[in-house]
Each structure stands twice: as C-alpha cells, then as structure tokens.
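What Swiss-Prot lists as CTP binding site is 7, 8, 9, 10, 79, 80, 81, 82, 83, 84, 85. What Swiss-Prot records for 14, 21 is site 'Transition state stabilizer', and it gives sequence analysis as the kind of evidence. Summarising the annotation, Swiss-Prot assigns site 'Positions ribitol 5-phosphate for the nucleophilic attack' to 156, 215.
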C-alpha cells in the first residue's frame, strides 16, 4: 500500500491573499486540485490523506468532489507548524498502514509534481527504505563573515537541493516522529521530515527532481506556475 500525505495548511501571507494560497484559483481551479490530480493519476498511489488548515475542511471536500478526485480518503486538521501537521497525519495512519507500507509526503502548493518524480521517489524508497526528491545546486553558496562581507564559499558539487515529494517506510516514519517529539528533536518551524531524519541519525537517499516542481510561495511563483500551464496548452 502506498499512501500520500498532502500538506495543505498554509495561510498565504507572502502572497498577500485573503484566503489560504492552496485555494487560490488558477484557470478556474484551486491550486490544491492541480496537486491532487497528479496523485490521483499516478498508478502507484493507492490513497491520499490531506492535512488541511483548520476550518477549511468543508471547502476542501467541496473541491475534491467538484473536480472528481477519487483517491483522497481523508481530510484532517493540521498543526501550528508543518512538522506537527505531518505528525498528525502519521499518527492518523497508525491503524491504516502496516510497517512496510510506503508513505509519500508532499507540499500541496507544489502543483507541478509529475509522474516521473513521483515514480522515482517511490522506487527509490522501495529499494532503500526512504527517498527524497533532489536536484543539483547550480548557484554559488557563500558563508557570511559579517552581515556585509564573506570570505568563504561551499563547493556546490557537495550540495543537493531537497524538496518534496519524499517517501518513507511507515514504521520508520512513525517511530522517528515518536522519537523526535519525545526528545524535542527536529520539531521547529524551519524543520521538515528530511531534516528531522538526519537529526535523528538516519541516512537519506536521493531521488530525481524537477525544476518545474516549484513551491508557490510568492506572487512571482504564481506567475511562473501560470506560465508553465500556458506552455502545456501549446
């Protein structure tokens, strides 16, 4: 069984929107539906749980029904930070997944996730027990000496950009969150499952990424998403 956790608990402050950004309409369709359609189409995804901003579950279910999304089985409430939202879903799945099941975690505001990226993260997880979507880092990275100066850089060949989707065997994921919460490791606002896993001593395995798999955080990101959609129509 392969279950996807899709996170849809954002508020959209950086976009200056009055509604959560995952519900912003693009071509008469909310952003979250573009994301869910990718999971609905993928032959290896069996079921989806959406972690939703509190108070928006009815809206989410309304769109799921309107656009014919079949694989979403549950919509649950998120937490105050993304790590608590993921943990809510992991705990919710405790009587719905067995130890060797694969759980794919994805940001709901990455609507351009494609079949190749999803397939590779699943295949790598089946082989190694986990997998994180990644890409080479193509910019130069400098370390601040002061707020105005630098005299050191990091060799970009030693770096990878990691995003979502990420995939983990359920038992390992569940045990990791239990350990992280009990020891207060990797549960801060800037953390995610991948950073928590490394903090707990796990080795992670890279899977294929895509430059199109952007996270819609700003209005510039939204404009880029619309441009990609226009490109697909050509």
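Cβ from N, Cα, C; glycine included.
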If you rank the binding-site residues 7, 81 by how many other Cβ atoms lie within 10 Å of their Cβ, the lowest count goes to 81
Filtered by Cβ under 8 Å and at least 6 apart in sequence, the residues in the chain of residue 156 (site 'Positions ribitol 5-phosphate for the nucleophilic attack') near it are 136, 137, 138, 139, 140, 141
As a whole number of Å, the Cα atom of residue 81 (CTP binding site) is distant from the Cα atom of residue 21 (site 'Transition state stabilizer') by 16
Reading the DSSP string in three states, the entry for residue 156 (site 'Positions ribitol 5-phosphate for the nucleophilic attack') is helix
Counting only residues outside 7, 8, 9, 10, 79, 80, 81, 82, 83, 84, 85 in the same chain, those with C-beta within 8 angstroms of the CTP site's C-beta centroid are 51, 78, 86, 88
For the binding-site residues 9, 79, the largest set of other C-beta atoms within 10 Å encircles the C-beta of 9
Residue 7 (CTP binding site) to residue 21 (site 'Transition state stabilizer'), Cα to Cα, whole Å, comes out at 12
Of all C-alpha pairs drawn from the CTP-binding set 7, 8, 9, 10, 79, 80, 81, 82, 83, 84, 85, the farthest apart lie at a distance in Å of 13
For residue 85 (CTP binding site) and residue 21 (site 'Transition state stabilizer'), the CA-to-CA distance in whole Å is 17
Rounded Cα distance, in Å, between residue 83 (CTP binding site) and residue 21 (site 'Transition state stabilizer') is 19
Top of the recorded sites 21, 215 by count of other CB atoms within 10 A is 21
Spatial neighbours of residue 21 (site 'Transition state stabilizer') among the recorded positions 9, 79, 215, using Cα within 10 Å, are 9
Per DSSP (three-state), residue 21 (site 'Transition state stabilizer') is helix
